[in-house]
Amino acid sequence: MADRSILTREIIVGGRPMILETGRLANQASGAVFVRYGDTAVLVTATVAPTVRAGIDFFPLTVDYEERFYAVGKIPGGFIKRESRPSEKAILSGRLIDRPIRPLFPKEMRNEVQVIATILSVDQDNAPEIAAMVGASAALHISEIPLKFPIGGVIVGRVDGRFVINPVLAQAEKSDMHLVVAGTKDAVMMVEAGAKEVPEEVILEAISFGHETVKEIVAFIERYREEALEMGLAKEKMVIEVAEPDPVLVEAVTGPATEKLDGVLRRCVNERLSKQERDSLLNNIKDELMQKFLADYPEQESLIKDLLDSIEKKLVRRMITEEGLRIDGRALNEVRPISVEVGVLPRPHGSGLFTRGQTQILSVVTLGTVSEEQILDGLGVEESKRFMHHYNFPPYSTGETRPLRSPGRREIGHGALAERALAAVIPGEEEFPYTIRIVSEALESNGSTSMGSVCGSTLALMDAGVPISAPVAGVAMGLIKEGDNFTVLTDIQGFEDHLGDMDFKVAGTAKGITALQMDIKIPGITREVFEKALAQAYEGRMHILNKMLEVLPAPRPELSPHAPRIIHITIDPDKIRDVIGPGGKVIKKIVEETGAEIDIEDDGRVFIAAVDQEKGRKAQEIIETLTKEVQTGEIYTGRVTRITDFGCFVEIIPGVLGMQGKEGLVHISQLAHHRVNRVEDVVKEGDVILVKVTGYDSQGRLKLSKKEATPPPESTAMKEGRAHRPSRRRESAR
């Protein structure tokens, strides 16, 4: 360790120092950077395989985000007591790093690259995912891996109308947006946001604001590499060899293939063929061309296939940019035909079927109790989540077969995006004390199933009677960029996503944006593109919202008869033990008697859930009886339970579920306004009488008075009045 060179440099980000260090840790990796941001510490390594992975036609990049519970001083729960599969947060953070760097590698690269971000220490004010993103960029930049440009990334919040870079926890809780911006020094590469109905122009300003800090981070990383090179801590970039295709073959294929494919593509446009019809037609013509060219070039199958795909891509892009023609015949800003249905399933609490072109989503809502909230056991602040959205993408949605496995990164990412889009309109617990779970099933997929899930989920929520503050819709925007010219497409389908340069998903209400996610395949986009895309997305979103509201203009006024009815009451926290009882005996009796489900919070909030509302009311009455406070000075109607020589015991709050109620003693002197010799002369066991609470004795027992609860007879009152009048004899004696 002593003879190792170590490079440590610091940059101020969001008013706090971010420190990068290399040379001390993980020196066998291609590049390794230790990032310290406050008390958050992340080790990011980048490693490349020395040889090309054979038999693939894509870039094999993997980004792993590894959480360690020791980072927050915790031991993992469960029997095994060690970290296992990555959490949802870890998967989303890995995707957050992957998306801005992937377009910056040479498109010909086939060497495996693995980036691993290991979270070593976490405070709650400095986001580890941002430290990991900056660390990944720096580790790649000092390595031999040929990343074209380094990137930077920040979170932009808005507190009291002012933008904040990388807000701390207290600021984040007040912010109306959580926007992640990543990019190079020249352009934005990735945007992801959750927001509370923020207008488009504010989002644009936030992106520009964040990009200014991103530029500073990129310049810092570039200087860091220069210093690392001087110290022998950085490596010269590897060269990716690109085999030039045989020009004779290219010429032989290009002319005939262009003519044939152009004719087929124009037929697709003119006849507005479906996805299956178009794919079949294109595959047949490609197979025909392939057989023709293979006869002359039998060893060039892979190259011929690449040439045909390239020609197809160029033709489609040219038709869009030069002629304004889309493959399905739509206008550039036209949304596919929309079909909307609600209440399609009889037993679930709410359901919506949203179809847009050949993309179809079935969203289903389930309402549960507070105890069914999801407990988030991760590296952040311990909390629970009462609103969840899950997304499923079965193989039949694209007419394919494949093994069914647990949700992958794509499913988790799509589910989280739709969840962010809807979170801003979900009612608070005080207004709607339910746990809400939505599952969106992608029944058909031809582009933007995540935005279809937003629309389907909104319909399902309204069908379930959830009082959302506003309906939400989403649309995916595309981009075709040729030189300085660009064309923005509304509601892209799968074919356009595959051949285009951008997938920009925008969700929101009529008032503003609730979620954004942008992925691109080119080295960044400009503010002009953002402005055009957001303006066009607003038009598309409003069109979709209007179609949805034609079917169901507002949330249903009543819940489904199959949904639990939840009653919310608040009791004195000191009375919780009375409801629970020794060993849970009392609350178990209440549940057995009523069939209701009862959740009690430490602050005294009680949630009573029952499908039968009468059973819920019965449980409420029992709990209110158990926790009812006896007020001194108040008059109660009670039943005489026992008689003794010195008085009688009166139950003023009846017992429930066979348990004793609240009773007190009426002393013999407090039974009547006249002298009482025998208690039985005034009351008998079982009598119902009025009593007044006069206080508590030294042992905390209730003291009651029948005398003070009833007016005295007139004759007694007169006697008592004379008895209290001072005598003349005493007066004269004074």
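Counting starts with 1 at the first residue shown.
For all residues, glycine too, the Cβ spot is worked out from N, Cα and C.
Annotation comment: Swiss-Prot describes Asp497, Asp503 as Mg(2+) binding site, evidence class sequence analysis. Taken from Swiss-Prot, the feature domain 'KH' applies to 564-623, supported by sequence analysis. What Swiss-Prot records for 633-707 is domain 'S1 motif', and it gives sequence analysis as the kind of evidence. Among the features that Swiss-Prot reports, region 'Disordered' is placed at 700-734. Sequence annotations record features per position, and here Swiss-Prot assigns compositional bias 'Basic and acidic residues' to 717-734.
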Neighbour count, 10 Å Cβ-Cβ cut-off, for Asp503 (Mg(2+) binding site): what number do you get?
21
Which residues does Asp497 (Mg(2+) binding site) neighbour through Cβ under 8 Å, counting only same-chain ones at least six apart?
Gly447, Ser448, Ala476, Gly478, Asp503
Could you tell me how many residues in the domain 'KH' (564-623) are helical, how many are strand and how many are coil under DSSP?
32 helix, 16 strand, 12 coil
Tell me, by DSSP, whether Asp497 (Mg(2+) binding site) is helix, strand or coil?
helix
